[in-house]
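Colleague: My structure is below; once you've seen it, I'll send some questions.
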Amino acid sequence: MNYLVMISLALLLMTGVESARDAYIANDRNCVYTCALNPYCDSECKKNGADSGYCQWFGRFGNACWCKNLPDKVPIRIPGECRGR
């Protein structure tokens, strides 16, 4: 029984866990993708590995793309200023 627990734990630690998050997608300067229509955001989000996306009107960062289930490797908007437009 103990061996089964140890093997299971070892396998769990060896396999990488890919998580996803819902967030505003951002470029390398911490600026959101400005939008007007949902198809644009859906396309940009899917291009970056998300399940879907839509244009969040009048949101925290104005009209910006919000992605659902975005991979960890893709940059998202973090607190702080947008460094250039």
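Glycine is treated like the rest: Cβ placed from N, Cα and C.
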Colleague: Consult Swiss-Prot and report which candidate among Cys31, Cys41 shares a disulfide bond with Cys65.
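Modeller: Disulfide partner per Swiss-Prot record: Cys41.
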Colleague: Pick from Cys31, Cys45, Cys55: which one does Swiss-Prot say forms the disulfide with Cys35?
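Modeller: Swiss-Prot says the disulfide from Cys35 goes to Cys55.
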Colleague: Which has the fewest other CB atoms in a 10 Å radius around its CB: Cys35, Cys65, Cys67, Cys82, the listed disulfide-bonded residues?
Modeller: Cys82
Colleague: What does DSSP assign Cys67 (disulfide bond), in three states?
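Modeller: DSSP assigns Cys67 (disulfide bond) to strand.
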